[in-house]
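What TrEMBL says about this one:
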| type | residues | note |
| --- | --- | --- |
| DOMAIN | 6-325 | domain 'Kinesin motor' |
| BINDING | Gly82, Gln83, Thr84, Ala85, Ser86, Gly87, Lys88, Ser89 | ATP binding site |
Amino acid sequence: MKSTEPVRVAVNIRPLLTSEGCTDCITVTPDEPQVHIGSHTFTYDLVFGNGGLPFSQIYHRCVAPLVEDLFRGYNATILAYGQTASGKSYTMGTNCGADGGGIIPTVMEDVFTRVEAVKSQIRISFLEIYNEEIYDLLAASKPSRAPIRIRETNSGEITLQGVTEVQVKTKEEMSSYLARGSSTRATGITNMNIQSSRSHAIFTISVKITTAEETLCAKLRLVDLAGSERANRTGADGIRLKEGRHINSSLLALGNVIKILGGNERKKKKGVCHIPYRVSKLTRLLQDSLGGNSKTVMIACVSPAITDVEETLSTLRYANYARNIKNKAVVQKQKPSTPCFDAMVKELTPSNSDAKNKTVVQKHTPSSDYYAMVKELTP
């Protein structure tokens, strides 16, 4: 079963901080998912904060339907996008425990509530993209971490060589792995954020549901992106400056993919248009999420401060492009093996040792006529 639908886009406007000491640059149309910034007006699927829907509804409105789709066999993605210090990690709850706020802790509770009603297995992985290298946040501690390599199957599926996948049976166990991975994620202090994420983080929940008729295998990706930043505002230098360049480079690649998928260029070329997924590891990992086999919600996190007006406007523009991206989500079915059929195949297929023992070397044995002919022709 295939479902074609656009990427849903929500805007989350964080509260204005006292330390910012300035007025709002963004307003929301009452009772409408519409925002205004300067002379620009954008309409989205949902708007939270600053006169829009309350933040407490973000899970019910944006995420709960995707968790339901996950248990129906669809891949799904939640993507938090925006500038540094716009509230992405707070919105996603990447740094929170099971009882903390944010999307991921609530997803954990929802997943294990649904698991009770079905026969299933839950596995998780936790990655970060730091300085354009992929690292496993759940790998055993090592003096120097080895980057994870991307592989692509003949069918175009993206796989990761050597990534740690852990089976979990309780919400508390999943939460402990989230906390463990978050503690090793690259963060740092800048002038704009005392705990700035210096890497993109992807927390993946894989669900395998088995029934008498079928087996469903689907994944939910929870993506907390590092924020775009300007060095003259963050005060970054040395290592922080290098990190910022890699962050901005990968976000630029992501923005280009979003713009091509959701812009007019693809329409002009009647859908035949090169999508530069391979430019960045981030876009390769999100290939299914944007224009591929996934149900996706993008949460554009923005700051209302007038000092952030340029970054906020840029985020809103890319979010507007994302609304036009069409994904084709397919139910991830795996037919359960039939014992009788498997036994028959095993019986008819010789093992390596049997094949070796039964191998017959074909030797040519000359006939008596051959020897008589040779004798006659030999003087």
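Cβ coordinates are placed from backbone N, Cα and C, and glycine is handled just like the others.
TrEMBL does not curate its annotations; it predicts them automatically.
Quick caveat, the model's predicted, so the values are computed rather than measured.
Taking the Cβ of Thr84 (ATP binding site) as reference, residues of its chain lying under 8 Å away and at least six apart in sequence are, in sequence order, Thr190, Met192, Asn193, Ser196, Ala226, Gly227, Ser228, Glu229, Thr234. In terms of local Cβ density within 10 Å, Gly82 ranks first among the binding-site residues Gly82, Gly87. Apart from Gly82, Gln83, Thr84, Ala85, Ser86, Gly87, Lys88, Ser89, the ATP site neighbourhood in this chain, defined by C-beta within 8 angstroms of the site C-beta centre, holds Arg14, Asn193, Gly227, Cys301, Ser303. Taking the binding-site residues Gln83, Ser86, Ser89 in turn, the residue surrounded by the fewest other Cβ atoms inside 10 Å of its Cβ turns out to be Gln83.
Contacts of Lys88 (ATP binding site) defined by a Cβ separation under 8 A and a same-chain sequence distance of 6+ are given as Ala80, Tyr81, Gly82, Ser197, Asp224, Leu225, Gly227, Ile299, Cys301, in order along the sequence. In this view, Ala85 (ATP binding site) is surrounded by 26 other Cβ atoms within 10 Å of its Cβ, with every protein chain counted. On the 0 to 100 pLDDT scale, the domain 'Kinesin motor' (6-325) averages 90 in this prediction.
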